[in-house]
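Working notes for the structure below.
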Amino acid sequence: MRVTAARMRELLKVYFILGSNNCRKNPLEVIAEAIEGGITLFQYREKGSGALVGEEKVKLARAIQELCQQHRIPFIVNDDIELALALNADGVHIGQEDAPAAVVREKIGDKILGVSVHTREQAYEAIRQGADYLGIGPIFATTTKEDAKEAAGTTLIKALREDGLTVPIVGIGGITPDNARVVMAAGADGVSVITAISLADSPVQSTRKLYQAVHSQPEG
Ligand SMILES: Nc1nc(C(F)(F)F)ncc1COP(=O)(O)OP(=O)(O)O
Ligand SMILES: [Mg+2]
């Protein structure tokens, strides 16, 4: 059965995304530290310059999925629906350039479906087509996603909440332990990060700080 909104909101709290090209160390070591630090959800996003392809990508995906399963962290695959189905992943994340959400929903059954949205219309359409959560960003400037749009701040998150929309929302793009509270105060249910953890001197410490930031009371 489909994930409930309440459960989805819990999972989105500290949502770590990683591909082998986002870190200098062995991705499995970085993910083990992130899990120790308290991430609540993991997404495998093998994309951009230097990304693995073919059998190497599948092998790494399987190894990461096993690590996540050992610690009961749901394992989400970005873009690659076939890989997600082959691994029986817990869900997929798609963007506006990927297949339509309704087509993906049909393929994945009750698995978790996340959709990146940049406008109100895209948000309402994604929900209509069966999204379990929305990814909104980039909130702050990012260097990780090579084709990222301009930093949009929390305007769209606030607008959707002012519309009375209660769908689970995660913010993404340039989020760190220092600015995570702003994203939560705008009405996000959690934060999604790559670099703040993947290139941290201590991924476990950085994850702990993010965890504390998203669980702290709103400022002011
Ligand atoms: N992978 C992602 N995960 C999220 C999540 F919500 F999970 F934090 N939001 C946004 C993205 C961006 O996904 P990407 O495949 O790089 O770009 P596009 O959206 O253009 O397909
Ligand atoms: Mg995508």
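Cβ from N, Cα, C; glycine included.
Just so it is clear, the model here is predicted, and its values are computed rather than measured.
Taken verbatim from TrEMBL:
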- Gln43, Tyr44, Arg45, Glu46, Lys47, Asn78, Ser116, Lys145: 4-amino-2-methyl-5-(diphosphooxymethyl)pyrimidine binding site (BINDING)
- Asp79, Asp98: Mg(2+) binding site (BINDING)
- 14-197: domain 'Thiamine phosphate synthase/TenI' (DOMAIN)
Seminar exercise, completed: Counting every protein chain shown, other Cβ atoms within 10 Å of the Cβ of Asp98 (Mg(2+) binding site) number 17
Seminar exercise, completed: Lowest 10 Å Cβ neighbour count of the binding-site residues Glu46, Asp79 is held by Asp79
Exercise. Which three-state DSSP class does Asp98 (Mg(2+) binding site) fall into?
Worked result: coil
Exercise. At the level of the C-alpha atoms, what whole-angstrom distance separates Gln43 (4-amino-2-methyl-5-(diphosphooxymethyl)pyrimidine binding site) and Asp79 (Mg(2+) binding site)?
Worked result: 10
Exercise. Taking only the binding-site residues Arg45, Glu46, Asn78, Asp79, Ser116, Lys145, which have a CB closer than 6 angstroms to any atom that belongs to ligand 1?
Worked result: Arg45, Asn78, Asp79, Ser116, Lys145
For this session: Can you grab the distance from Lys145 (4-amino-2-methyl-5-(diphosphooxymethyl)pyrimidine binding site) over to Asp98 (Mg(2+) binding site)? Cα atoms, rounded to a whole Å.
Result: 15
Problem set entry | Asp98 (Mg(2+) binding site) and Lys47 (4-amino-2-methyl-5-(diphosphooxymethyl)pyrimidine binding site), Cα-Cα, nearest whole angstrom | 13
Seminar exercise, completed: Counting across all protein chains, other CB atoms within 10 angstroms of the CB of Ser116 (4-amino-2-methyl-5-(diphosphooxymethyl)pyrimidine binding site) number 20
For this session: Only counting partners 6 or more residues apart, tell me which same-chain residues put their Cβ under 8 Å from the Cβ of Arg45 (4-amino-2-methyl-5-(diphosphooxymethyl)pyrimidine binding site).
Result: Ile17, Leu18, Gly19, Asn22, Asn78, Asp79, His93, Ile194
Exercise. Whole-number Å distance between the CA of Glu46 (4-amino-2-methyl-5-(diphosphooxymethyl)pyrimidine binding site) and the CA of Asp98 (Mg(2+) binding site)?
Worked result: 15
